[in-house]
Amino acid sequence: MPKAEALEYEVGNRKVRLTSPEKIMFPERGFTKKDVFEYYLAVSEPMLRAVNHRPTTLQRFPDGIDGEMFYQKRIPTRGVPDWMHTAQITFPSGRKADELCPIEPAHLLWAAQMGAVVFHPWPVREPATENPDELRIDLDPQPGTDFVDAARVATEHVQAVLDEAGLVGYPKTSGGRGVHVYVRIKPDWDFIDVRHAAIALARKVEQRDPERVTTAWWKEERGERVFIDFNQAARDRTIASPYSLRANKRATASAPLTWAELSDVEPDDFDLETLPKRLKKVGDPFESMDSKHFGLEKLLEWWEQDAREMPYPPDYPKMPGEPPRVQPSKKVAANWEE
C-alpha cells in the first residue's frame, strides 16, 4: 500500500504539515494520525486557553498507542519550526530544560504532527515558572473504587471544602477513572507552599469522609478509597490538560464539566469523536476560569494547624522535614524516627 501523501493545514497564520496522515494511532477504533490532528484542531481554542504560556510535556507515540512511548520534556534540537515557542523549566534535581510552551494553536498542531497524543502542562505560566497559578486536585480511585466514587467525593466534599476556603473549583474528567478539580490561584506562592495547600485541602476532605477518602501516600494503607494525590502539586508533576486525549483503547479525552454534570457522566462519554461535538453544543465550561485568581491563605492557615510533612515522590531529592520514604510494613528502627 503506497504511503499517503503529506497534508498541509492553515492554522492561524501558520502552515502546519501533517505527514503519514493514514497511520493508525488507536488500533481498536481505527483512528488515524489525521483523526488525532483534526481533533486537536477542533478543540484548539479552549485547549489553548488551558495551556497558554504553560511549559508542556508531550507524551509521544510515533507509531500509535501500541508502539513505543516517551515523554518529551525538552524541545527537539532539530526539525523545529522557527516560530515554535519555549520556556525554561527547572526540575527537582536543579537541571533546566527548554520545553514547548504553546501560545498559539499551531504549536499544539505541530506537537500532534510529532506523534503527541497527551499534553501535560505545568501548573505555571511564563515568565513566573517558579510560581504556580493553578491548584490541581487529583482524585484517584484505588482498586475497589471507580469514577463514580471519585465524582461523589468531588461533589459532596471537595466542592464544600473549597467553598469553606473561599475558592472556586472547576471539575473535569481525567480521561480515565479519576477526577481533576482546578482552582485558579494568584502566582504568589512557590511549589512547596502550593503543595502544602494541596495537603491541607486533602486532609480536610479526608476528615469529612475517612471511610471513602484517603491521603495515605503508601498504597498498602489506602484500602478501597479515593486517594487525593497531593504530590500532583509538586514540581515537575503534571496531569493531562483539559481536552487532551488519553492513550487508551477508546481514545477518551479529559473533559471539562460543570459541577451539576459531574454526577451524571461516565469517562467513556468523552472521546476523540464526541468531545468536539459537545464543545460545539455547550461550549467550554472552563471559559471563565481566568476571570478571577484566588489566594491560598485559608489553606495555608489549615496547613499551619497540622504541619506534618508528607513523603515526596521517589525520584525527588530528600526534602526538608520529609518523613522517611519507607513503606510502613518495612518500618524498622534503623530507618524510621518516631
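The backbone N, Cα and C atoms fix where each Cβ goes, and this holds for glycine too.
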Legend entry - TrEMBL annotation (region 'Disordered') - matching range among 281-309, 310-338: 310-338
Inset, instruction - Please work out the mean pLDDT for the residues of the domain 'DNA ligase D polymerase' (32-286). - result: 98
Inset, instruction - Helix, strand, coil: count each for the residues of the compositional bias 'Pro residues' (311-326), based on DSSP. - result: 0 helix, 0 strand, 16 coil
